[in-house]
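For reference, the structure is listed below as structure tokens.
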Amino acid sequence: MENVAAIILAAGKGTRMKSGLVKVLHPIAGRPMIDWPLEAARGAGAAPVVLVVGHQAEAVRERFQGAGDIACALQAEQLGTGHAVACAAPALAGFSGTVLILCGDTPLLRGGTLTDLLAFHRSQGAAVTVLTARMENPHGYGRVLRDEAGRVLRIVEQKDASPQECSVREINSGIYCMEAGFLFDNIGSLGNDNAQNEFYLTDLVAMAAQKGATCLAMAIEDSDEIMGVNDRAQLAQAARILRRRINRDLMLSGVSLVDPEQTYIDQGVVIGPDTLIHPNCSISGPTQIGNGCQIESGVSISSCRIGDRCRIKAGSVLEDSELRADVAVGPMAHLRPGTVLNDHVKIGNFVETKKTVMGEGSKASHLTYLGDAEIGRDVNIGCGTITCNYDGVKKHRTLIGDNVFVGSDVQLVAPVRVGADSLIAAGTTVTRDVPAGSLAISRTPQVNREGWRIRMKKKT
């Protein structure tokens, strides 16, 4: 929608989180909490957006540094929601449209709900519209009081409510839609004569009714959307609801989740159809997974690009890595940042890679460390191979050409280059470059001392 701005209240410390991190920056489904209502506001067409910051203001500002549609307003002392909005007013000087007022700790709010709220507000010519919900247990919420015609008369906070008012089950979400003219003409008139000695934004509702301005409420069907997060238990509850949404959207797009309740996928992860994901997997960051992949139980994937038909076996950990098509990884493999596996590569159990590129068809089937390495096509890395990439001061690279066979228990002391079509014998420590087509072997010749064991037993 056009001519819409938003104010998001994010100045509170979040004492009940018992954390050194300000509440709105706590992560939920892969994003700081504040990102979710911000995304909802943007989804409804709001621009600019003013964030009211207070505790750890610089950390919140830094999060949105460079975002051209966002301004920050400082609420140095937290004196209530009305005071917070008053602090935001200068950032919207000259704005004459409709203002959405949101809470920074409502990560479940959808952009579509705000679009509906705006449409309802404008269609009724309202000055103020409150988003409400009807709850079986409204304890702790402000109650919405209406007249016989259904118009909103006022909102009373629970601490200030009478027993009769506490029996009302329609509650205030803390989310509002207001015309800028009414809002900024009256925000300075709020008082703090209440149980908490704060400037309540809700008092604008009663003020609108007294002045004959239209004040309405739109009840939301899904009360989860307006759930505020105040402590770690509520954070986990909100995260669970977000995961259900994310997982449902993925399943409807053709992804199979064996147990959605035990699958942890961040918002923004892209997964292709016919991919199968087993329980207890965590997929985070800007990860992209292709079509027809299999992700087995206990896998952790962070910020990776995975091509079609890959299989990630149980217990593997993948970080900042790229897998092309038809790659097999694991079980119990660890791909560290900078790993690139080309088509048909196999990484087996207890293999660790870091800043390593493996060419098409190459394999390291078990018990291997490959760090700072570039490996060609159709290379076999034997069991127990180690690239010795660190000399105690600097890291060095290992370069292995195409069609090389590396036997078991080989150490490649970098910097070193192994030419194409060569063979490294089992147990060899490679300290010099190996020419193409060569055999490299550095073992001590085997000596068999016949009868030695029998003689030793007799001595004991």
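Numbers run from 1 along the shown chain.
Note that Cβ sites are derived from N, Cα and C of the backbone, with glycine treated the same way.
Per Swiss-Prot, acetyl-CoA is bound by N389, Y390, S408, A426; the candidate from R443, R449, R453 named for the same site is R443. Annotation for the binding-site residues G80, G142: lowest Cβ count within 10 Å of the residue's own Cβ, G80.
If you draw a 10 Å sphere around the CB of K23 (UDP-N-acetyl-alpha-D-glucosamine binding site), it holds 25 other CB atoms from the protein chains shown.
Note: the CA-CA distance between G80 (UDP-N-acetyl-alpha-D-glucosamine binding site) and Y390 (acetyl-CoA binding site) rounds to 57 Å. When the Cα atoms are compared, A426 (acetyl-CoA binding site) and N230 (Mg(2+) binding site) turn out to be 60 Å apart. When the binding-site residues N389, S408, R443 are screened for a C-alpha within 10 angstroms of the C-alpha of N172 (UDP-N-acetyl-alpha-D-glucosamine binding site), no residue qualifies. Y369 (UDP-N-acetyl-alpha-D-glucosamine binding site) and D105 (Mg(2+) binding site) have their C-alpha atoms 44 Å apart, to the nearest angstrom. Separation of the C-alpha atoms of N230 (Mg(2+) binding site) and G142 (UDP-N-acetyl-alpha-D-glucosamine binding site): 16 Å, rounded to the nearest whole number.
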